[in-house]
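> For reference, the structure I am asking about is given below.
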């Protein structure tokens, strides 16, 4: 904006930049949603939705396929923590590259907070990856769908929260579905081990806590996603490296992967890259359309992941997987409905009876006429 003063006539001329003129590079439009260098704000809502959904499905389906493919390599099942170490290294590099592309590179969140977040991230991803050495991939995915259970338990015992009927019903459905799915896995899967259930359950607990800590830190300090990724995963990398060194687990894993570099490091790179891209589209989906649509899309993606797992990787199958999976999906729907009761209005029993009575009256009147 230019201000011009004229002493003879004493007026002020104000020139406002047109829309085509660019703003300062340090100022970005609040409406801009940029994913992988692509500005989605230039497209209409429907196109944005299809781009985000396509990104979530494509990248996360490849992510799930590669994760199971890595653990299908003979002898790799004991290298779950080393895979997490490599994954954290790649995520740190990706976060550093993305951070260089933005104007403000300052670290906003305190280091102590990042140390806590990194510890929880290590627990979430490390235990989740390691559990695949003991569980079928579909069982792990089903457990991941049920984050609500540890969240509710923590809310009751730690914060003294009270939940409505929909939340309690959702937790019951998820619990029953998990029990049924796990029992089916224990009877059909030859490599089932209760250790895997314990590991993925602990990963779920860490995952339930980390979401709240990350959200609070990012809102409080106004930090970017790339900053969060860079510092949490780089500090987590140091944690895992120290842990593997102290437990003598680093040497055997490095030796094994060195013998199969393409099937280990190559798959791990693609696995990490697709996971990093996938989370970018999920965050964009949440920002544009809200958590309700994002949860619906990601749930559909997880269901597709389970189906593809049975198609591409030979494993025993029973219809008990289907019924228990549907119970978990019902629990997820009830959880989403509980958080969005003002947006989702289901008909009550009274409304259904009234509609049925009115329909009968209309049919009777039509027959009389």
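Even glycines carry a Cβ here, placed using N, Cα and C.
Model, not experiment: these values are computed from the prediction.
As listed in TrEMBL for this protein:
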TRANSMEM  46-66  transmembrane segment
TRANSMEM  81-102  transmembrane segment
TRANSMEM  114-135  transmembrane segment
TRANSMEM  141-158  transmembrane segment
TRANSMEM  165-183  transmembrane segment
TRANSMEM  189-210  transmembrane segment
TRANSMEM  230-253  transmembrane segment
TRANSMEM  265-285  transmembrane segment
TRANSMEM  292-314  transmembrane segment
TRANSMEM  320-337  transmembrane segment
> Counting only residues 6 or more past its boundaries, what in the same chain has a CB within less than 8 Å of a CB in the transmembrane segment (165-183)?
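Those are 138-139, 142-143, 145-146, 148-149, 152, 197, 320-321, 323-328, 330-335, 337-338, 341, in sequence order.
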> Per the definition of 3+ C-beta pairs under 8 A with sequence separation of 6 or more, do the transmembrane segment (189-210) and the transmembrane segment (230-253) touch?
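Not in contact, no.
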> Is the transmembrane segment (114-135) in contact with the transmembrane segment (46-66), using three or more Cβ pairs under 8 angstroms as the rule and ignoring pairs under 6 apart in sequence?
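These two stretches do not touch.
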> Looking at the transmembrane segment (230-253) and the transmembrane segment (81-102), are there 3+ C-beta pairs under 8 A, with each pair at least 6 apart in sequence?
yes
